[in-house]
Structures are given as structure tokens and as C-alpha cells.
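Undergrad: Pasting a structure here, questions to come.
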Amino acid sequence: MASYKGLIVDVNGRSHENNLAHRTREIDRERLIVRRGQPFSITLQCSDSLPPKHHLELVLHLGKRDEVVIKVQKEHGARDKWWFNQQGAQDEILLTLHSPANAVIGHYRLAVLVMSPDGHIVERADKISFHMLFNPWCRDDMVYLPDESKLQEYVMNEDGVIYMGTWDYIRSIPWNYGQFEDYVMDICFEVLDNSPAALKNSEMDIEHRSDPVYVGRTITAMVNSNGDRGVLTGRWEEPYTDGVAPYRWTGSVPILQQWSKAGVRPVKYGQCWVFAAVACTVLRCLGIPTRPITNFASAHDVDGNLSVDFLLNERLESLDSRQRSDSSWNFHCWVESWMSREDLPEGNDGWQVLDPTPQELSDGEFCCGPCPVAAIKEGNLGVKYDAPFVFAEVNADTIYWIVQKDGQRRKITEDHASVGKNISTKSVYGNHREDVTLHYKYPEGSQKEREVYKKAGRRVTEPSNEIAEQGRLQLSIKHAQPVFGTDFDVIVEVKNEGGRDAHAQLTMLAMAVTYNSLRRGECQRKTISVTVPAHKAHKEVMRLHYDDYVRCVSEHHLIRVKALLDAPGENGPIMTVANIPLSTPELLVQVPGKAVVWEPLTAYVSFTNPLPVPLKGGVFTLEGAGLLSATQIHVNGAVAPSGKVSVKLSFSPMRTGVRKLLVDFDSDRLKDVKGVTTVVVHKKYRSLITGLHTD
């Protein structure tokens, strides 16, 4: 809203009705925010009618220094052009602007020019501005998604669930994306403005912002701070004392705010799910349908040979001292964004992998994607971007080698089906898990899978050979789902399927690791000789006590058990590996009473210490989109074993609708304890003489 002397008295951006029509009212009700490919209207208040033969012209400016100038046509022209029409000619003129579906996203400044018959500018009103976003509701937009329920989840939902753990023990954590929180949109454009391409040539960068492929790739590179002014610094092991430990974050908004307020200095620290969640926030805010993905048993194939090779000594200790070596992560998170790929052959539209975790350089930057999920499934590794790396993450072989004292290597196990399991995302229809593994690859062992492997250059093994190689001795690891703080048993079973007794040496090793396989210390080791009668099984129990693992367990509460069976006269040693996550209890979060916007409400959080030792330095962190910004409550004193701690916090909800309140608890000995509850915030009613009125 702005006032001018002369003919144009006032310009009204009609933000209330425009933002409602463009589904941007959650972002801001006062500033004008529109989506491309969809018309919007502004009103001119004039002191008089336009003089005879005078007319209006509209000019758009983009960039901090007006690097891009667009003249708006008076009548409907080409589909890729801006145009406007006007109604009324007295003291009020309604201007309706039509943007092309491939318009540049960004902050526009609009100048309204009153032109004389001879082409001179009589008056100029240029104080109105607006933001333009992608429009997944527009059929001609590259991000068009023709499913309203998916749009509500992948664009409009500010809360979500991210999956973690191991493929056979999947856990979830709540996350506050908060893409419509105050000034988050401004920070998202600030992220784009600080990319290397924008700093090098802002005009060219702005013009490319019409393309979601370009924007998605830019955001992927900018979410991590490797080599640029990116948002987050990654760190995968303690200490985190000069920043925030990755597991303590419960939402993206504090991260983005801290980055912006600190003068675009990177925030410490993130790991893969934090990188993915922040990218999801930015991309949803800009209007690109996006969802977080978790790939369990995710391969990091450094040398591109489609296999992950592990070198061990005879004590089962890793020998790979290379700075950059193959690894297998218990889980790895990235995002998928929905868009058409006009830069690629037909068949590559739809979900695209974007991975902001800094792992490998791509065109000189730490980014990955966008890579079509369809291309990964079909083994088309020549398409842009980074298809071989993504294909390996979900399809690589896993090979373990024993390096003997004389330097000779012995292959002890080769697994063609252990990577890329239970690929997961939150369902559109609730907080349960949707398995999308079959989006990435054909069923294990199918003919189609073997055809894809052959096309991608991965060695194909026929199923019959797999069975023949198993031999007469079989090795497996069994365990319950243990709770962190308790003692538990791991059972290693040796089965003898042959017709004679087997004599072997069994080595068992339990070690603490991080979720991305960094070793934190040995918990227990056991080597014994076993005799297994024909057609029988032998079970060996390794009991792990809390004192065995607490001194070295990581914040991910993960124990890796390896078992190696070496039987003279057999085909060779066999090995199996199990990753055992130690579960932690959830927080109890309650918000009693009716929630009404801008009226006080109290949240109650309680927690019982499950450990046999006191907890010191306890901190609760609460946040929720539309409810309250991230707030910490420190616990006074220690929490005794089996002791209960309770805290409460009063706040006033800021926005109506179904909201999530997220809580995290951390202490010296127990970290990453989460809780969540749903809060339905109602509109505020007040009684007037004429009846009821809704705020």
C-alpha cells in the first residue's frame, strides 16, 4: 500500500484476496505473495479519470540492482509473456496481471506508468512489490502435481516425520519444517542470492530461476556449507561443543534463522536428516512439491565400481585407513522433488532425487541431483545429474575381505541384496510409513532386476549360484529389540546342513558405531571353538551389559555385531553382520484444554529416566509451526535412576489449524529423546451486538 501525489493516489495490492486465491496466506497476510501462471489483481485509486488518449503501462523489475526488467504487455500474447488487462476508467482501476507458467520466481517491483499520447511518462507509481513462487496447481508449470492430497502434504504441510534406525528396526522422529513461519520465505530467497552463481552473475542467475531443476540443484548445494556460503556445516562425531549437536534439532526454522542473522555464516552442526529436512523446508516454501526419503542400508561407493568393499584383519578390525573409502550407512536421508525434466528424454519426469548432504563433488560443488527416480529404476545412468552415485546408494554389492598377515586378501562374504532396503517416506494419509523401494528398483531376484543391473554395468549373479555358494554351514545373528540402559543378549547361531559333524572357530565382535559406520569402540569380543553335529544347530550367547557399551556408544545408540566362522575343509570362512539399535523411551507431551489462537495455553512434558545412573544437564526443547518458536527449558539438578522429571511451558498459538508440538530432551548420558502431540487451534470468536464475529 502506497500513496502518491497526482493522478494515482493509492495502489492496493489486494494481498488478502490474492494470497487466499494463491494459497500463500499462511506465509503472510499483509505482503503480496503469488504463484506463477495464475492471475492476480491490484487496484489503482485515482484522483480523476485518465486524461484522453493517455494509457497505462506496467514494468517489472527483478534483482537488487534491477538486473532484469520486464515490460508487461497490454493484451494476451505468447504463453511465456506477462500481460495485463484493466477494468474501470474513473477514480478506481482494477488491473489484472497474468504471469507465464515459466515466470522467474523471486521478489518483483512493479512500476505503474501513466503514458502520454506521444509516449512520455506523465506519472510513475513504483512502490508496490510482490513475491512470485512456483505453482504446482498450474497445469503448465514444470512442478505441476495433479493430486490435491499430495499437494497438501508435499507443499502445504509444515510438519513431518523422518525415518531413522536400521532396515529391520525403523524408528521415526517428528520434524517441524515451518516453511510458512515468519520471514522463512525471505531467508529462502536469501539462500538463492548467496549461491556462487548468483554472486558471480546475478542477472544470469535470476533468469535461470524460472527452472525448478536449476533452483533445486542450487538449494542442494547451498544447504551444506562446503565451498560456499551454505547453511549447515556437517559433523559426524563428537564433540559438538562449539555448536548444536545434530540430534538436538527438531525443526528447520531455527537453523535458517541463525544462518541469516549471523550474516550467512554456516550453522553448526548437521547430519543427513538435518540437511534433508532443511532442503525440504526451502523447496516446499518456494512451491516445489518435496518429501524426505530415507534409504536404509545405504551405500557410499567412492570409486564408482558399484560395490562397497570392506577390508578387515583376522580380528575383524577395519584395515581401511583411506581418507575416502567405501562405506555403508545404516540409513541415509535425501529429498525427492516433483518436476518435469524438459532437459532430458521422455520418461524422466516426476520424482527427482536431491541430496544436500556433502558427500561427493558434482560439477565442482558438493551437491547431488536432481536425478530422476525413474532413471535409477531403469538403470539409465547417463542422465543428469549424478545417476551413477544414486544408483550405487540403492544397488551396490557389499563385499567383506579378510587381509591375512602375509597381505593376501580372502573374500569372505559377498551380498547382492543388502543395500537399499525399505526406502521410506511419510504417507500422505497420516503419520505412518510409506515404502517406496519399488520406485527405485525392481523386486530382488526378478528378471527385470537382472536386466537393469546388466544395463548399469553391475555384475549379474544368477539366483542358482547364490544357493550353491552358501555351503553346508550357515551363520546368523538374532537379538531382541534392546532398550538403552539395559543388559541384553545377542545369539549367534551356526547351522550345519551337511551330513557330518563340523568343527570351526567362531569369533564374535560387538562394537559401537555411528549411523554412518564410524567406529566408536569395542564393547566385547569372544572367540571359541565349536562343534556342530550334522543337521543340528549351535547357539552361542554374547551378553552385553550396560557398562560394556555405555563408555563407547555414540549418540545414535547403535551396536554392530560381527560373527566370523572359520571351518577347515569348508569353502572358506563365512561372516554375518547385524546392526542393533538401542531404543529410547518417548517423552509424554500433553496440552490439555481448548486451544484458541492468541490465547494462553500450557504444555506439560514428563519423562522417566530409564538408565541405572543419574542424568545431569538435562534440557528440553519445544517448538511447533504456528505454536511457538524453539524454546529451551533447563532441568535443575540431576534426574535419579527411575526418577521422573516434569516441566511445563505456557504459550499462545499464533495460527489456526492442526498443529504439532515437538519436544526434544538431551542430557549428559541420554540424548535424542523425542515426543510430539497434536494441537488443534481454533479461531477466536467474540460477541458483537450484531452477533458472532470471527477474527
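Each Cβ is built from the backbone N, Cα and C atoms, and glycine gets one as well.
Remember, it's a predicted structure, so these values are computed and weren't measured experimentally.
Okay, so Swiss-Prot annotates it like this:
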{"type": "ACT_SITE", "residues": "Cys272", "note": "active site"}
{"type": "ACT_SITE", "residues": "His332", "note": "active site"}
{"type": "ACT_SITE", "residues": "Asp355", "note": "active site"}
{"type": "BINDING", "residues": "Asn395, Asp397, Glu434, Glu444, Glu449", "note": "Ca(2+) binding site"}
{"type": "BINDING", "residues": "Ser476, Ile477, Lys478, His479, Ala480, Gln481, Pro482, Ala578, Asn579, Ile580, Pro581", "note": "GTP binding site"}
{"type": "SITE", "residues": "Tyr515", "note": "site 'Important for catalytic activity'"}
Undergrad: Give the sequence-ordered list of residues that share a chain with Asn579 (GTP binding site), lie 6 or more positions from it, and have CB atoms under 8 Å from its CB.
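TA: The answer is Thr166, Asn330, Val513, Leu558, Ile559, Arg560.
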Undergrad: Calculate the distance in Å between the alpha carbons (Cα) of Ser476 (GTP binding site) and Glu449 (Ca(2+) binding site), and round it to a whole number.
TA: 26
Undergrad: What does DSSP assign Glu449 (Ca(2+) binding site), in three states?
TA: helix
Undergrad: Using the alpha carbons only, what distance in Å do you get between Lys478 (GTP binding site) and Tyr515 (site 'Important for catalytic activity') once rounded?
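TA: With the alpha carbons as reference points, the distance is 20 Å.
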Undergrad: Note down the number of other Cβ atoms within 10 Å of the Cβ of Asn395 (Ca(2+) binding site), including every protein chain shown.
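TA: Around the Cβ of Asn395 (Ca(2+) binding site), 23 other Cβ atoms lie within 10 Å.
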Undergrad: Is it possible to get the count of other C-beta atoms within 10 angstroms of the C-beta of Ala480 (GTP binding site)?
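TA: Excluding its own Cβ, Ala480 (GTP binding site) sees 10 Cβ atoms within 10 Å.
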Undergrad: Which state, by DSSP, holds Asn395 (Ca(2+) binding site): helix, strand or coil?
TA: helix
Undergrad: What kind of secondary structure is Lys478 (GTP binding site) part of, going by DSSP in three states?
TA: strand
Undergrad: Filter the binding-site residues Asn395, Asp397, Glu449, Ala480, Pro482 down to the ones within 10 angstroms of Cys272 (active site), Cα to Cα, kept in sequence order.
TA: none
Undergrad: Closest to Glu444 (Ca(2+) binding site): which of the recorded positions His332, Ala480, Pro482, Tyr515, going by Cα position?
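TA: Nearest listed residue in space: His332.
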Undergrad: Recorded positions His332, Asn395, Asp397, Ala480: which have a Cα within 10 Å of Tyr515 (site 'Important for catalytic activity')?
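TA: Those close enough are His332.
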Undergrad: Count the other Cβ atoms sitting within 10 Å of the Cβ of Tyr515 (site 'Important for catalytic activity'), across every protein chain shown.
TA: 24
Undergrad: Rounded to an integer, what is the Cα-Cα distance in Å between Glu434 (Ca(2+) binding site) and His332 (active site)?
TA: 16
